[in-house]
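**Q** The active site, thioimidate intermediate annotation in Swiss-Prot covers Cys305 and rests on sequence analysis. Per Swiss-Prot, the feature active site, proton acceptor maps to Arg401; the stated evidence is sequence analysis. Summarising the annotation, Swiss-Prot assigns NAD(+) binding site to Asp248, Ser249, Ser250, Gly298, Ile299, Gly300 and lists sequence analysis as the type of evidence. Taken from Swiss-Prot, the feature K(+) binding site applies to Gly300, Gly302, Cys305, Glu469, Ser470, His471. Residues annotated as IMP binding site in Swiss-Prot: Ser303, Asp338, Gly339, Gly340, Gly361, Ser362, Tyr385, Arg386, Gly387, Met388, Gly389, Glu415. Under the heading domain 'CBS 1', Swiss-Prot lists 93-152. Swiss-Prot lists 153-214 with the feature domain 'CBS 2'.
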Amino acid sequence: MLRIAKEALTFDDVLLVPAHSTVLPNTAELGTQLTATIRLNIPMLSAAMDTVTESRLAIALAQEGGLGFIHKNMSIERQAEEVSRVKKHESGVVTEPQTVTPTTTLRQVKELTARNGFAGYPVVTEDYELVGIITGRDVRFVTDLDQPVTAVMTPKERLVTVKEGETREVVLQKMHEKRVEKVLVVDDSFHLRGMITVKDFQKAERKPNACKDEHGRLRVGAAVGAGAGNEERIDALVAAGVDVLLIDSSHGHSEGVLQRIRETRAKYPNLQIVGGNVATGAGAKALADAGVSAVKVGIGPGSICTTRIVTGVGVPQITAIADAVEALEGTGIPVIADGGIRFSGDIAKAIAAGASCVMVGSMLAGTEESPGEIELYQGRSFKSYRGMGSLGAMSKGSSDRYFQTDNAADKLVPEGIEGRVAYKGLLKEIVHQQMGGLRSCMGLTGCGTINELRTKAEFVRISGAGIQESHVHDVTITKESPNYRMM
């Protein structure tokens, strides 16, 4: 006798029902929780894939209000550096600015500038008392580079400083009065406590919706595997300031993954941890019991994933999301819908099924900010996109995600493919279109917030003819729409 657990549905099997509405799309509130303590301003995450998310895309997505997860197909040092780049891009108050001592030479300052990409360094004593600042203007025309910074620095008496906790308005006023671009933060004993730059204020004004931590820095996540030897990687990422750690596996409901989560939670009680992937309520509950802050749902729905075909295992995504949400009811642990998102309507459906946010890969893989070069093929521009279960990605380091770390390169059993996606331009344009579609959904269903969409919206199940009717039909498309691409 066949052991059929249940019937399961995915995105194209359902539509949302329109309802009486007082909500205008432009008034819909898109903020949502990634975890209990991390709030997103849009419900979008980027996948931890080596053709999707490195620091450049993570910065761009965080500026739009989402959050990117840096992939792990790189050395520990490089992944930590990628995280650090995001955290330093927009700093608000730089709580630990790089400093020099009074004995540092101008030559050393020039070397630091070449290495770090910025030229301003506070000068402090051994006990961190502030004695001056050295900037690019101070050393620009100096020929004797062997003299100490004290010879040309702006001394303590002429420094522009503010006390800890000073308001943004006061800081900006001081910058304007003194015509400076950097203000140093000091305590009552004139010990250095941080630095504020005008560039960070300008960035904040341009991107008011950015997803930031309590220090005004952009938020970023990073992925690690569940196998042995990842302790050092986790330590390095935490030291680099990662906001949320993704313990990533193709099968999150396995004891090795659960044990890795327990160990990480024991070592870092306050670290935000996402666990995945699962496709059942039991899997979601097991991750919650192990100590995760959010659960990632999706086995095999991704465009480049062949897990369901190679293994015969998976659960269609709408049912998988709904089952996970039901199992986690009352725990306060959000669900992330990972994979299968092709259109903005799919984002809306995933959230209406109960997810707090979605993780996308192919949607962002062709953007300007994604890793990789633009390729020309038959007169069109493309970027490469591959699954982390593809042979190429597994040989670069993601084989542990599929429990194949001990396999030789010629013995790997892939669960993904390598391909290309059309070049899509800047990430912000993609986000604008996707969030615009989501806002329209919220207007049609009468849901003013993401939480209302999660709990109020109703589905109807549709037939194959229903989805055919939903798509463009009986016409030849002559001009492609930015939010409706069939490939």
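The backbone N, Cα and C atoms fix where each Cβ goes, glycine too.
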**Q** Among the binding-site residues Gly298, Gly300, Gly389, which residue has the largest number of other Cβ atoms within 10 Å of its own Cβ?
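**A** Output for this query is Gly298.
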**Q** Taking only same-chain residues 6+ apart in sequence, whose CB is under 8 Å from that of Gly387 (IMP binding site), what do you get?
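**A** The list for Gly387 (IMP binding site) reads Met49, Gly302, Ile304, Cys305, Thr306, Ala393, Pro414, Glu415, Gly416, Ile417, Glu418, given in order along the sequence.
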**Q** At the Cα level, what's the spacing in Å between Glu469 (K(+) binding site) and Ser303 (IMP binding site), rounded?
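**A** Pair distance, Cα basis, whole Å: 23 Å.
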**Q** Given the binding-site residues Gly339, Gly361, Tyr385, Gly389, Ser470, His471, which lie close to Gly298 (NAD(+) binding site), meaning Cα to Cα within 10 A?
**A** Gly339
**Q** Least buried of the binding-site residues Ser303, Tyr385, His471, going by other Cβ atoms within 10 Å?
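**A** Minimum Cβ neighbour count within 10 Å, taken over the binding-site residues Ser303, Tyr385, His471, occurs at His471.
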**Q** Hey, what's the Cβ neighbour count for Gly339 (IMP binding site) at 10 Å?
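**A** Here the count is 25.
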**Q** For Ile299 (NAD(+) binding site), just give me the three-state DSSP call.
**A** coil
**Q** Whole-number Å distance between the CA of Ser303 (IMP binding site) and the CA of His471 (K(+) binding site)?
**A** 19
**Q** Give the maximum pairwise CA distance in Å, whole number, for the residues Ser303, Asp338, Gly339, Gly340, Gly361, Ser362, Tyr385, Arg386, Gly387, Met388, Gly389, Glu415 listed as binding IMP.
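**A** This binding site's residues have a maximal Cα-Cα distance of 16 Å.
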**Q** Take the domain 'CBS 1' (93-152) and count its residues per DSSP category (helix H/G/I, strand E/B, coil), listing them in that order.
**A** 18 helix, 15 strand, 27 coil
**Q** According to DSSP, folded down to helix, strand and coil, what is Ser470 (K(+) binding site)?
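**A** In three-state terms, Ser470 (K(+) binding site) counts as helix.
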**Q** In angstrom units, rounded to an integer, how far apart are the Cα atoms of Ser250 (NAD(+) binding site) and Ser470 (K(+) binding site)?
**A** 32
